[in-house]
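These come from TrEMBL:
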- Gly23, Leu24, Asp25, Asn26, Ser27, Gly28, Lys29, Ser30, Gly73, Asn131, Lys132, Lys133, Asp134: GTP binding site (BINDING)
- Ser30, Thr51: Mg(2+) binding site (BINDING)
Amino acid sequence: MGLLTIIKKQKLKDKECRCLVLGLDNSGKSTVVDWVLSVYKNQDRRTITPTVGFQIHTVPFANHNVQLWDIGGQSTLRPYWDNYFDKTDVLLWVMDTAAASRMDESVQELKTILRNRDRLGYNCRIIVLLNKKDLVEGADKVTQTLQSDLERLLQLENVPIETRASNALTGEGLETLMASIVGGKCVDRGVRESTIKSIS
Ligand SMILES: Nc1nc2c(ncn2[C@@H]2O[C@H](COP(=O)(O)OP(=O)(O)O)[C@@H](O)[C@H]2O)c(=O)[nH]1
Ligand SMILES: [Mg+2]
């Protein structure tokens, strides 16, 4: 391995960003992760089955190692979500834009998390991903309305949130999402490895 390669690899290791991917079951979390892996790690796209427990993937992006923690969203698994909160840089909250009947449930779950922000850490950034935009007619208008509704609903929590829209099947919106994920503060890799060991 040439010196340049070693230096490049070391640089990548220096910046690590831990992103917790949460949201209700069927919102598209694993599909988002799958698209990211296919593009930035050249992995074949998989057939997605409901996530039982959690999966951790590390993806190189813009001089960062982005750790994506894909956590199962079924109601039986939600009481365990906070086991993963420690040292999270970004909480990516995935919502199914087309599932109007589950919107309220999703917002309530997010509110519960935000009310316990001491567990998540006050430096953790919150990104809400309005996924499955391809399934709604007039997606841009719908996501705009949803965005302002969300801001109003989460106002009481007094937490700044960033909203993005995506189609995880085609990857639309996901490259800018990745850029946004690494845009925040990231910390040293060593700290994170000890956390993974203690949880797994
Ligand atoms: N049309 C459409 N379907 C999606 C999108 N994202 C995910 N899906 C589908 O939604 C279903 C649930 O996705 P999955 O990633 O397993 O959701 P998870 O339970 O949140 O991990 C799967 O059938 C996916 O193919 C999207 O952006 N558009
Ligand atoms: Mg899943």
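Residue numbers in this text run from 1 along the chain shown.
Cβ atoms here come from the backbone N, Cα and C positions, even for glycine.
Feature annotations (TrEMBL) mapped to structure.
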residue : record              : contacts (Cβ under 8 Å, 6+ apart)
Gly23   : GTP binding site    : Lys29, Gly73, Trp93, Val94, Met95, Ser106, Glu109, Leu129
Asp25   : GTP binding site    : Pro50, Gly72, Gly73, Gln74, Ser75
Ser27   : GTP binding site    : Gly73, Val94, Met95, Asp96, Ala99, Ser106, Asn131, Lys132
Ser30   : Mg(2+) binding site : Ile48, Thr51, Gln55, Asp70
Asp134  : GTP binding site    : Asn167, Leu169, Thr170, Glu172
Could you list, ordered by sequence, which of these binding-site residues: Asp25, Ser27, Lys29, Ser30, Thr51, Asp134, have a Cβ under 6 Å from ligand 2? Lys29, Ser30, Thr51
How many other Cβ atoms sit within 10 Å of the Cβ of Lys29 (GTP binding site)? 28
DSSP-derived class (H/G/I helix, E/B strand, else coil) of Gly73 (GTP binding site): coil
Sparsest-packed among the binding-site residues, when each Cβ's other Cβ atoms within 10 Å are tallied, from Thr51, Gly73, Lys132: Thr51
Site extent for GTP, whole Å (max Cα pair distance, Gly23, Leu24, Asp25, Asn26, Ser27, Gly28, Lys29, Ser30, Gly73, Asn131, Lys132, Lys133, Asp134): 22
